[in-house]
Amino acid sequence: MALAPERAAPRVLFGEWLLGEISSGCYEGLQWLDEARTCFRVPWKHFARKDLSEADARIFKAWAVARGRWPPSSRGGGPPPEAETAERAGWKTNFRCALRSTRRFVMLRDNSGDPADPHKVYALSRELCWREGPGTDQTEAEAPAAVPPPQGGPPGPFLAHTHAGLQAPGPLPAPAGDKGDLLLQAVQQSCLADHLLTASWGADPVPTKAPGEGQEGLPLTGACAGGPGLPAGELYGWAVETTPSPGPQPAALTTGEAAAPESPHQAEPYLSPSPSACTAVQEPSPGALDVTIMYKGRTVLQKVVGHPSCTFLYGPPDPAVRATDPQQVAFPSPAELPDQKQLRYTEELLRHVAPGLHLELRGPQLWARRMGKCKVYWEVGGPPGSASPSTPACLLPRNCDTPIFDFRVFFQELVEFRARQRRGSPRYTIYLGFGQDLSAGRPKEKSLVLVKLEPWLCRVHLEGTQREGVSSLDSSSLSLCLSSANSLYDDIECFLMELEQPA
């Protein structure tokens, strides 16, 4: 009689497991904060600190053990202590990814930067309709459905998960294997995928505030960036196309309704936490863009675009826009600019922006479509004023979809940067110059109208890598000029000695 095949052990669900571990009282710093057990804290010490101990990683290790990921199967005893130390960063990353993906918890406070007691405070979410299942637990990615080539290649799904979302960064995996393996590990750790980006924005639209509500531009105050005015005919030499009419307005780029980012009100605790608990932290959508608009170096607008698509316009936004429509970003009026020549040219440029510049996130790429007569040049580089070289400036063709940023390229460069295989930090700041060629030799900050876009996901990943000690600074080229602490007293003493000498 043939034996029935042994059934695999049921997969451990993170939410139920974590609640049990909190109630066990076996972990220092992991505890409930209220009698109703709706609010708890998790110790969260940065692993680069010198006072890190085994207890600081105990809860992260416990999750790896519960998943069967530790200890590794080997003969001749357990792994050495140094092997466990090398795995701690990965344990913490997997724990963080599981904590976010389960949707059973919402972060109330982030005190991980507290030098005396680093921790985070979470509460149970009221969204009980989100039930845990094997698909929602994405702490460790399964075999990828299609791995992108290390250099370029057609877009395709990165991971095989379907119930996933972009996550905030954790430490990238230690370099092991070839460059392709490193890129795959980085993508797995960051939970970035084509359909993940779409799912984080495009599923089940929820009502939100009308675009622009509660988000106002910065007032035009302070001194204007200096510099002589432009020659009278300079503007029309490159800025405005000579086509007689803007032509028919293209159809919307999106093929389906896109969702607005999840409303913070949907992440309230299931039960009221203790009075000491503060409100939930409003973390931007993983694909959010930090938008800065500058008029000749002067910042006139800063806002976060959390929608999968947006349109840059000049003039008041349409009050009838729906939550599922592209988010509208309005250029502020240059009326308060003190330089009248700059004001006149800026106004002329902005009038030709209509019917707008459209941005849309498609999978791992950000696409742009210029619909107005005002020419727009784009490039990707470092922050303003940095010495990091930028990509060659390119003109956005009119009424044509153009990819201007690829997350896959960024993560490949980030892995090389972390492995010390790349001198400069990866570039992720996107510049859009309206009416002036960014490659003309002038500083970008001197452009009449400059839009700076920073993907939130890229910034936090790079900052996390830099906090691990990776830097683009070359110590061999640094020459620090410091005064001697005693130089002043030495000069005074020499002066007094000269006074005592006979003439």
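Cβ from N, Cα, C; glycine included.
According to Swiss-Prot, the feature region 'Disordered' maps to 69-88, 133-156, 242-277. Among the features that Swiss-Prot reports, N6-acetyllysine is placed at Lys92. If you look up Swiss-Prot, you'll see 284-456 marked as region 'Necessary for the interaction with NMI', on the strength of similarity to another entry. Taken from Swiss-Prot, the feature ubiquitin cross-link covers Lys375. Positions annotated as phosphoserine by Swiss-Prot: Ser471, Ser472, Ser475, Ser477, Ser479, Ser483, Ser484, Ser487.
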Confidence summary for the region 'Necessary for the interaction with NMI' (284-456), mean pLDDT rounded: 88
Nearest-integer angstrom distance between the alpha carbons (Cα) of the residue listed as 'N6-acetyllysine' and Ser471 (phosphoserine): 22
Ser471 (phosphoserine) and the residue listed as 'ubiquitin cross-link', distance between Cα atoms, whole Å: 37
C-beta crowding around the residue listed as 'N6-acetyllysine', within 10 angstroms: 23
Lys92 (N6-acetyllysine) in three-state DSSP notation: helix
Listed recorded positions (Lys375, Ser471), ranked by Cβ neighbours within 10 Å, top entry: Lys375
